[in-house]
Amino acid sequence: MKLLILCVMVHGLLAEGPGQVLWKEQVVAPEFLLDDREDIASNRNAFFYEDKRSFRPEGLGEQVKRIAGAEDVGLQPRLVTRSLQCTCETEYEYRNLGEGHYPRYLTTSHCKPKACQNKFNSCRLLYYKVHILSQRDLNGLSDDRYSDDSETETPLPEALRHKWQLKPMKIPVACVPATG
């Protein structure tokens with residue numbers, strides 16, 4: 001069935017005159033090629049997205065069509081956009097561990113939510129273990145959400161051991177597909 005629909009779409013794109021087309025002419029393309037911009041007005045990264053929205057590859061012009069009778073054919077017009085792969089995007093932020101920690105600032109990440117993510121196409125955080133030096137009289141690091149107190153303390157040289165301790169932490173570093 002999918003092959004038949006694909007053949008009908010290709011036939012419509014290759015048709016020379018309006019009499020050869022099996023459906024009404026409308027633009028069909030991924031959402032970033034269409035010219036409706038009301039859905040990106042609230043997007044804080046609209047200026048990045050704007051370039052994609054106004055991009056129209058050479059040769060698409062009037063040749064690109066949308067199936068107007070989607071109910072008749074059993075094909076949803078937005079199915080074209082669903083075929084684009086949904087990738088995981090990572091947003092980074094600096095985390096201040098406070099005075100008495102070295103390094104004081106770490107870069108952590110979280111997954112940027114996207115409309116195409118669902119239970120079949122979801123993302124998860126990838127964690128790396130890092131070791132942080134913290135002063136012994138400060139115990140704020142043990143309350144940290146990234147702290148990994150399940151492991152024993154890593155030994156330090158004698159000169160540092162009385163004032164500092166080396167604590168392992170699991171830091172989120174990237175957003176990756178959950179199935180993989």
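Just so you know, glycine gets a Cβ as well, placed from its N, Cα and C.
Of the listed cysteines Cys7, Cys175, Swiss-Prot assigns the disulfide bond with Cys111 to Cys175. In Swiss-Prot, the cysteine linked to Cys88 by a disulfide bond, out of Cys7, Cys123, is Cys123.
Taking the Cβ of Cys88 (disulfide bond) as centre and 10 Å as the limit, one finds 20 other Cβ atoms among all the protein chains shown. Separating the Cα atoms of Cys88 (disulfide bond) and Cys175 (disulfide bond) is a whole-number distance of 6 Å. In the three-state DSSP scheme, Cys123 (disulfide bond) falls into the strand class.
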